[in-house]
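Step one of this worksheet: look at the structure below.
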Amino acid sequence: MVNMNTTNLKLYCREIGRNFVANLDNIFSIITIFTGLIIIYLSLFAGIGQYGLGLAFLVSPFGYYVLKKRLDIPIEKSENNDENKYSTFFLANNIIYFTLFCLSIIILWNTVYYRPAIYFYIITIAYFTLFVEILYRPNDRMFTSFIMIKTLLLSLSYRFGRYYIFPTIPGNDTHAHISTTKYIIADGNINGLLTEFYAPRYFYTPLWHIYESISRIIMDIGFKEVLFFTIVFLFLIITSLFIYLIAKKIFNEEIALIAFILANIVDMLFVRGVTNINTGSFVHIFIVITLYCLIQYKNKPIYSFFSLLFMVCSILTHQLSTAAFLIIIFSLYMGKILYTYLYTNINLQNHISIKLNTVVFFFIVILFYWSTMGYVQKTTFFAGMVSRLETTISDMINEYLSSGQAVSTNYGEMFSQFSFLSNLLYNFGYSMLIGLAILGILILLNRRFISEIYLSYICVALILFLLIYPGTFIGLNYLFIPHRFISHLEIFLVMFASLSIYYIYTLSNTNKEIFYNANKILAALIVVVLIFFMITTPYVNRADPLYEADRVQRTEYTHSELKSIEWNNYHQADKELMVDPLVEKRPISTVERINTSGIQLIKYPKNVYIQDISSNILIRQYARNNPYLISRGTFGTTKIYEMEFLLNIVPEECNNIYSNNLASVYRSKYI
């Protein structure tokens, strides 16, 4: 009797499991809708401002419901278009592309310190011609390679325009890493890093700095040019190429090419590869190559060796990105285990080559190295992280107990200051990417398509998302830097989004031609809007935003501003130069176009008494036009510097001793 009851229970549980698996896409759709409602609610009443994200979660399941009944095209299918019909289209499309490309170069050549709106319209249309060509090209390797070359050519010109729009190197972290690299070049080894003020942490993670030091010595050019060739150029090519190879392996050629384009334009990969380069850029390269190695079914020992090699290299490069790498590897393994538990029809040609010993090896090596790595106050890096975790949890508990609500974060405070439309537009391109990725995930969760690789990648995306958003909301933002994880998440989002774009465009109903054309028009519209809002993201284009200009500040300096600093250094060598906060927080020593030896910069004081100021004072025209400068910190901290009083009193109480069209240097009349 007991055995019969046990057998019945097993059969009942198995039946529940089968129903769960068969309806996994529907279950996830319901969860997604509720998540969207929660995000909208928190945006309205808790001030998190993620309206675009909430709408993406709400809309995507309904889009999947529309497409679900028409999912009759296998992912592996790749249509062979007629090459004869393609020739006329190919000629016309490429005339448009190269005309637009030449116009964009002419605009860049003839503008200084900004790119007009027409430039972004031209770049958007040029990228769109590539998307159209992907779906109409014949299955010929030559045409595929030509599309990829044109994509890289356009992307490099776009990055060149952003990178060289000012004489200074964009970003904040980049300058600290360049300074560290200069110490290595000067000393010929990394031992000197232990004695510098901020560099000891890089003594244990020197791989990026050694690479840049060697590159600088061999190439014998300025650091700005070295970074462009060794990071901007290589980061673009390697990340987009391996994302293409992965998508081609698990999907098909068309989806892979769409993913290739998206990898060239998504915002946070652009930030990591252009506007705020740091050592984590290297780890992104290690991650995409490792992901490719893990889906290879031949020569596994070789690919396994390279996977382990890149894991070790990441540990020697950047701590936070290595943590993200570990989370990705762990999530892949969890997805593999989950698939094995839920499904019995394991396809050996569509699995991921990751085992528990790989995860354990990576974790143990990280734990060992971080336990020996120096941090601050004579403790190890691991002990420092444990202490930070303890402090974070303690602060969370205290705030929950005292206020009875979620811990307030700097990110929430930042978004709560702005309107619905402002928050929607601020990261609209990213929100669209999330929405398309969710649609792609729902398609892959359909029982027709689900596989071990798909479920593993979905697990990675879900776990990273939970860390970035709910993790930040409950107060973990001081334990790690959540916005740094978004670029890792986007590696997977571009593949899911490419799948959904492909299906929206390709699905057809032969009985109703109007729906067939509507799908193509809708896909084209989605792609155009996505491209435009990705390449015009305000926090990517701080100097020339097309919208939400009040939310970003220019962080690079013009030649005239730099010359005013250099003048003070030459003619007032014994004088400190008082500057606005946006100048003070970035090392001028990395600017090689001016003489910066012995330069002394200090920030404007909170309370201004001209009689007590012995330093010279730099007033930029940009500061006059923006007397309320906004400075954003690493953990989402926002500081607003009110300088209107100082800007008014300095011209009255000081003598103008140097001036050009964009900056002036003043000295107090009382000294």
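Quick reminder: no glycine exception, Cβ is built from N, Cα and C everywhere.
TrEMBL annotations: computationally assigned, not manually curated.
Features reported for this protein in TrEMBL:
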TRANSMEM  20-42  transmembrane segment
TRANSMEM  48-67  transmembrane segment
TRANSMEM  88-112  transmembrane segment
TRANSMEM  118-136  transmembrane segment
DOMAIN    215-370  domain 'Glycosyltransferase RgtA/B/C/D-like'
TRANSMEM  226-247  transmembrane segment
TRANSMEM  277-295  transmembrane segment
TRANSMEM  302-318  transmembrane segment
TRANSMEM  324-344  transmembrane segment
TRANSMEM  356-376  transmembrane segment
TRANSMEM  424-445  transmembrane segment
TRANSMEM  457-479  transmembrane segment
TRANSMEM  517-535  transmembrane segment
| query | What stretch in 20-42, 48-67, 226-247, 302-318, 356-376 has the biggest tally of Cβ pairs under 8 Å against the transmembrane segment (324-344)? | reply | 356-376
| query | So which of 20-42, 48-67, 226-247, 302-318, 457-479 is most in touch with the transmembrane segment (424-445), counting Cβ pairs under 8 Å? | reply | 48-67
| request: With Cβ distances under 8 Å as the criterion, find the stretch in 48-67, 88-112, 277-295, 302-318, 517-535 that has the most pairs with the transmembrane segment (20-42). | output: 48-67
| Which residues of the same chain, at least 6 past either end of the transmembrane segment (118-136), have a Cβ under 8 Å from a Cβ in it? | 81, 86, 89-90, 93-94, 96-97, 100-101, 103-104, 107-108, 111, 147, 150-151, 154, 158, 161, 254, 257-258, 261, 265, 505-506, 524, 527-528, 531-532, 535-536, 546
| message | What residues elsewhere in the chain lie close to the transmembrane segment (48-67), defined as a C-beta under 8 angstroms and at least 6 residues from its ends? | response | 25, 29-30, 32-33, 35-40, 42, 411-412, 414-416, 418, 420, 423-424, 427-428, 430-432, 434-436, 438-439, 442-443, 469, 473, 500, 503-504, 507
| message | Can you work out the mean pLDDT of the predicted model over the domain 'Glycosyltransferase RgtA/B/C/D-like' (215-370)? | response | 91
